[in-house]
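One structure below.
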Amino acid sequence: MMDCEIADDGEVYIEDADIIAETTLDDEDLPDCSDEDDEYDEQADFDAGVFALACSPTNPLLVATGGGDDRGFLWKIGQGDWGAELGGHKDTVTSIAFSSDGQFVASGGFDSVVNVWDASGNFKCKLEVPVPDEKMKKKAPPTGGFEWVSWHPTDHVVLAGSNDFSFFGKTNDFSAGMWGLNTGAFTELSGHRGSITCGDFTPDGKTICTGSSDLTLRIWSSETGDPIYVVGGHPYHNKGLTCLAITSDSRCALTGSEDGSVKIVNIKTGKVVGTLSPGHSDAVKCIGLSRSPSFFPCAATGGKDERLVIWDLERSSPRSICNLESEVTCLTWIGTSRYVAAGCADGDIVIWDALSGDKVKTFRGHSECIESLSVSCNQDFLVSGSASASGDATDSHGTARVFEIAGYR
């Protein structure tokens, strides 16, 4: 068990001596992890910022990371002798996700490509936007890249959204793409007029929601790719969308915006049915829904205003407003528990009790902005990824860390 200095407010200050293992990666190396049984604080250095990470939904030790060095990695917590490089990208890996059955992992990059591997790190396929002919490709090649990737909840279908993309030479037309691994079919979801900043399948798999900097939420059929609703204008957001979350019954989408508001949209009707207020005074950066069956419907949002807000969805009002010391950049609920982990721009990771509104622990060790958080499927570990020291994807090192969180299940 490592020794930590614990302050009166419950914050944990991690000293250099607390780090079990630290390894610098080159082209052939992967994160080296300790096999200590009691408590973890593992760190792995990467050639650039770690911008995306995901824990496997079926293997509690398996983690995928992607970053500014144009590479991804598969590695196992506590098993430094196992790992695989996920190569093939020519630009920053912006997003990474496991399929719901844990068989595959997909990574999206600024190179306009989604690559897919199996859970052992064997390359399966490259998913690209089809271009009618080489002449068209040379005349108007795809620009920009993918902001995020997501998997269908029950099928091997990948969804990805673009940040500055023109398909087939069309201008001012930003699209999401959907690929079927089994069929090879590609479906374009075309219509947004700005970067597609967020998106996902509904839990029942029947519908897709995408949010954009064009101030709209679009709702699509996942079977055909046909548009169903466009949500925008009054009383919706008046600045671009930044994040979304979909309720477990597939009925509502919660969306956050640069305008600081959080809206509730009925997916079945395309109507705005609520606003969570009062809450943030600046851009909402992240949102997550509680999966706990034991207490009230609850959501959490983090903002540029240095606040984490816990929302009572039955009343559409804050249950508690948690003030931090820097911008909240990402968050995740810890399984079905009442605890929320929030990553901050100053490198802190703070755990809050959603019922009491109390801060129960702060993990320190990162020196730069937390870009991504993920919880292992057995809820023993919290994995975090941070930016490079300068914020430049080509400069310095980012880190991935593993913290033990079994006490917060």
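Here the Cβ of each residue, glycine as well, is placed from N, Cα and C on the backbone.
Those TrEMBL annotations? Automatic predictions, nothing curated.
Model, not experiment: these values are computed from the prediction.
TrEMBL lists 86-118 (among others) with the feature repeat 'WD'. Residues 48, 51-59, 62, 64-68, 70-74, 124-129, 142-154, 156, 158, 160, 162-163, 165, 177, 179, 181, 393 of the same chain sit 6 or more residues outside the repeat 'WD' (86-118) yet have a Cβ under 8 Å from a Cβ within it.
Sequence-distant neighbours of the repeat 'WD' (189-230) (same chain, 6+ residues past either end, Cβ-Cβ under 8 Å): 144, 147-148, 150-155, 157, 159, 161-164, 167, 170, 172-178, 236-244, 246-250, 253, 255, 265, 267, 269-270. As annotated by TrEMBL, repeat 'WD' applies to 189-230 (among others).
Taken from TrEMBL, the feature repeat 'WD' applies to 234-275 (among others). Note on the repeat 'WD' (234-275): residues 194-195, 197-200, 202-204, 206-207, 209, 211-217, 219, 228, 281-289, 291, 299, 301, 303, 305, 311, 313, 316 of its chain, located 6 or more positions outside it, place their CB under 8 angstroms from a CB of the stretch.
As annotated by TrEMBL, domain 'Anaphase-promoting complex subunit 4-like WD40' applies to 312-373. For the domain 'Anaphase-promoting complex subunit 4-like WD40' (312-373), the number of residues in each DSSP class (helix H, G, I; strand E, B; coil) is 0 helix, 34 strand, 28 coil.
Per TrEMBL, the feature repeat 'WD' maps to 321-362 (among others).
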Discussion item. Please compute the mean pLDDT of the model over the repeat 'WD' (189-230).
Written reply: 96
